[in-house]
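Look at Swiss-Prot and you will find H56, H240, E241 tagged as Fe cation 1 binding site. Under the heading Fe cation 2 binding site, Swiss-Prot lists H89, E90, H207, citing similarity to another entry as support. According to Swiss-Prot, the feature repeat 'HEAT-like PBS-type 1' maps to 54-80. Summarising the annotation, Swiss-Prot assigns repeat 'HEAT-like PBS-type 2' to 87-113. The repeat 'HEAT-like PBS-type 3' annotation in Swiss-Prot covers 174-200. Taken from Swiss-Prot, the feature repeat 'HEAT-like PBS-type 4' covers 205-231. For 238-264, the entry in Swiss-Prot reads repeat 'HEAT-like PBS-type 5'.
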Amino acid sequence: MVTEEEVTAIGRTLLDAAQPLPARFRALFTLRNLGGPAAIDCIVRGFADSSALLKHELAFCLGQMRDRAAIPALLGVLQDSQQEPMVRHEAGEALGAIGDPEVLDVLRRYSEDPVVEVAETCQLAVRRLEWLQEHGEEPGSSPYRSVDPAPPAEETDVATLRAVLLDESRPLFDRYRAMFALRNLGGRDAVLALADGLRAGSALFRHEIGYVLGQMQDEACVPQLTAALRSRAENPMVRHECAEALGSIARPSCLETLRAFAQDEERVVRESCEVALDMYEYENGPQFQYADGLCRLQA
């Protein structure tokens, strides 16, 4: 049994800006896995940090934990225009992931936000909550054990799903459903169909493609992810997600690119490469788990 003192000690690592960012990320994911009020309190306190990357990951983890106790803090972040768009976006997505309809009115209001990534996120979260109300239950569990912003489409033909995915005239929710169906199907054709989505018009959509490709860990999409990370014209939110995907795929073909962009002028890209290089080492090393905060306490 993990004690509250141990949770608090892991929280201290998370909240210590003097610690290397990869160590703080590992502490965060340990807290996510442990759950409970003390873990949530530590995570919420991190929203005062200066790193948009870390704050966005805090919101992501709170959404994946699906604990209603996080709702007030996430609402505060979503409504705080001083927070970076990628942080507000992740707070909106987390509110959709938790799945409590009490936040619908706020999400509908922010579906008109002037920051397009925030508006699109809240539109998706509203549709997810409406889908849950219509179907009365969560979609079947993801093979990746993640809570996704849209349930997977029931279609299983890769070409049909690719057509929906890339159809800019379709509602974003439908395209996301195609995205998660392709991810769940897996295989080279599905990976390449998803990688084509990195050319889509919506930065939010492109960033989600990067995230999904990172989950799949298939080397077939390394050239497309590398091109997106290398593009200075690309939205930093997309570049960051592509960097982390390369760290997750963790093949030698990813390493040189991550090292090159670990000095990028965009802080979120720089930090993402730092975290991705740590993930690369984990994927290629002997460590039992990435979320190793408890092991570090006992070392």
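Cβ atoms are placed via backbone N, Cα and C, with glycine included.
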Neighbour count, 10 Å Cβ-Cβ cut-off, for H89 (Fe cation 2 binding site): what number do you get? 29
Cβ within 8 Å of the Fe cation 1 site's Cβ centroid: which residues qualify beyond H56, H240, E241? L53, M86, H207, G210, Y211, P236, M237, V238, E244, V268, S272
In the repeat 'HEAT-like PBS-type 2' (87-113), averaged pLDDT is 99
Could you tally the C-beta atoms, other than its own, that fall within 10 angstroms of the C-beta of E241 (Fe cation 1 binding site)? 28
Neighbouring C-beta atoms (10 Å sphere around the C-beta of E90 (Fe cation 2 binding site)): 30
Starting from the Cβ centroid of H89, E90, H207, the recorded Fe cation 2 site, name every other residue in that chain with its Cβ within 8 Å, sequence order please. H56, P85, M86, V87, E93, E117, T121, L204, M237
For H240 (Fe cation 1 binding site), the number of neighbouring Cβ atoms whose distance to its own Cβ is within 10 Å equals 29
Determine how many residues of the repeat 'HEAT-like PBS-type 3' (174-200) DSSP places in helix, in strand and in coil. 24 helix, 0 strand, 3 coil
